[in-house]
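Engineer: Below you'll find the structure I mean.
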Amino acid sequence: MPRRGYSKPGSWGSFWAMLTLVGLVTHAAQRADVGGEAAGTSINHSQAVLQRLQELLRQGNASDVVLRVQAAGTDEVRVFHAHRLLLGLHSELFLELLSNQSEAVLQEPQDCAAVFDKFIRYLYCGELTVLLTQAIPLHRLATKYGVSSLQRGVADYMRAHLAGGAGPAVGWYHYAVGTGDEALRESCLQFLAWNLSAVAASTEWGAVSPELLWQLLQRSDLVLQDELELFHALEAWLGRARPPPAVAERALRAIRYPMIPPAQLFQLQARSAALARHGPAVADLLLQAYQFHAASPLHYAKFFDVNGSAFLPRNYLAPAWGAPWVINNPARDDRSTSFQTQLGPSGHDAGRRVTWNVLFSPRWLPVSLRPVYADAAGTALPAARPEDGRPRLVVTPASSGGDAAGVSFQKTVLVGARQQGRLLVRHAYSFHQSSEEAGDFLAHADLQRRNSEYLVENALHLHLIVKPVYHTLIRTPK
């Protein structure tokens with residue numbers, strides 16, 4: 001790296017220059033009393049000091065160590081004239097590495113070597129600009145050299161960009177597993193589950209590992225059009241990955257075949273290459289699905305257990321399971337709508353519907369906070385402010401639901417945005433089965449703010465899902 005000035009490594013002049021500069025950074029923002037009764041005035045020169053630090057790095061003035069960063073597998077070497085004191089303040093590894101030498105050769109993967117200048121810059125001024133492709137190498141460098149603040153910052157960046165739908169979730173998931181970053185791993189897994197349709201249609205789907213695939217197939221909170229879409233996504237993955245038969249058969253057995261209508265099951269058996277190859281491994285599950293669709297749920301429950309995951313719907317976006325609801329200017333006033341869902345996934349109930357009424361209130365107040373204008377003695381009491389309330393969503397059946405014997409309904413509300421014609425889920429709220437609303441629905445949302453993460457062009461995009469959950473009413477006779 002070119003530089004305009006240079007001091008002898010380890011010189012006392014270099015030491016005192018650096019010590020003075022660090023002192024300036026430490027005391028850049030301070031309070032000063034201007035005398036008399038005047039208020040204290042803030043004197044903040046931190047930006048100027050940061051600029052001087054950047055100049056130190058760029059020009060190499062008063063440097064006392066040299067870092068030679070070689071990209072693995074190449075002859076490319078990048079040279080950085082740096083300052084032992086600043087590197088050691090952030091990294092115990094640098095402190096130990098440079099304690100007895102003024103020059104170090106660092107071997108780094110090519111992607112890490114390419115962003116090493118940004119990494120060093122962060123050690124000097126505490127900021128950097130991150131691109132999606134640079135997140136993993138920067139996080140890897142921060143982890144290797146023990147710069148915990150940068151490690152947390154890059155991980156936060158990755159989680160935030162997952163929520164925005166821009167991040168390569170599959171690659172980041174595998175990276176998180178390899179580094180043991182449980183928080184990032186769980187964030188990636190949640191994003192993939194909530195946006196499986198978009199991921200399965202992208203180039204990332206081919207990079208999914210068998211372990212990640214198995215993690216996804218076990219989840220009931222997958223968001224996708226229907227179970228048939230999941231089967232087709234799995235079949236496409238099998239065609240690309242060509243895993244061992246045991247892996248393929250275990251994955252095929254994770255499909256919830258009772259959630260697929262009989263007509264579509266017949267088509268799968270006739271046309272699916274995966275079933276043609278591994279059909280015997282799932283023959284019992286297909287028979288179970290046909291039996292489930294042929295009998296009434298009450299009759300089926302007399303002989304078979306319906307509490308297994310095979311009979312629990314996932315978060316399906318198909319019209320039979322719910323409806324989208326876009327609320328423009330959601331902070332303005334109360335809104336209501338209604339929609340219908342099928343009574344249950346059984347073919348026996350294919351023509352039976354349940355009507356649901358939905359009420360949205362942007363500023364609902366609990367009874368304890370509702371306005372009271374006077375007490376018994378006529379003394380005026382303060383009214384609660386509208387901003388004291390919170391958004392509320394209530395979903396109730398339009399009738400008593402007498403046809404729903406042996407069934408309870410699990411309600412889920414997805415909050416998200418549409419990008420390129422696909423629903424991108426940012427938040428999901430599940431109702432307790434005995435409740436008509438989600439207690440924490442948009443609890444921290446500011447719907448008054450137009451750039452709120454919950455709004456898209458000042459509209460709240462919801463998708464309401466109702467999942468019937470069967471209960472075993474009569475034990476199977478022995």
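From the backbone N, Cα and C atoms, a Cβ is placed for every residue, glycine too.
Summarising the annotation, Swiss-Prot assigns domain 'BTB' to 63-132. Taken from Swiss-Prot, the feature domain 'BACK' applies to 169-269. Swiss-Prot lists ASN61, ASN100, ASN195 with the feature N-linked glycosylation site, giving sequence analysis as the kind of evidence. The feature signal peptide is assigned by Swiss-Prot to 1-28, with sequence analysis given as support.
Mind running through what each feature is packed against?
Structural biologist: With DSSP states grouped into helix (H, G, I), strand (E, B) and coil, the domain 'BTB' (63-132) comes out at 29 helix, 19 strand, 22 coil.
Mean model confidence of the domain 'BACK' (169-269) amounts to 95 (pLDDT, 0 to 100 scale).
Annotation note: ASN61 (N-linked glycosylation site) sits in a coil segment as assigned by DSSP.
The Cβ of ASN100 (N-linked glycosylation site) lies under 8 Å from no Cβ of any same-chain residue at least six residues away in sequence.
Reduced to three states, the DSSP call for ASN195 (N-linked glycosylation site) is coil. Its Cβ placed at the centre, ASN195 (N-linked glycosylation site) has 24 other Cβ atoms within 10 Å.
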Engineer: What Cα-Cα separation, expressed in whole Å, is found between ASN195 (N-linked glycosylation site) and ASN61 (N-linked glycosylation site)?
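Structural biologist: For ASN195 (N-linked glycosylation site) versus ASN61 (N-linked glycosylation site), the Cα atoms are 50 Å apart.
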Engineer: Other than its own, how many Cβ atoms are within 10 Å of the Cβ belonging to ASN61 (N-linked glycosylation site)?
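Structural biologist: Its Cβ has 18 other Cβ atoms within 10 Å.
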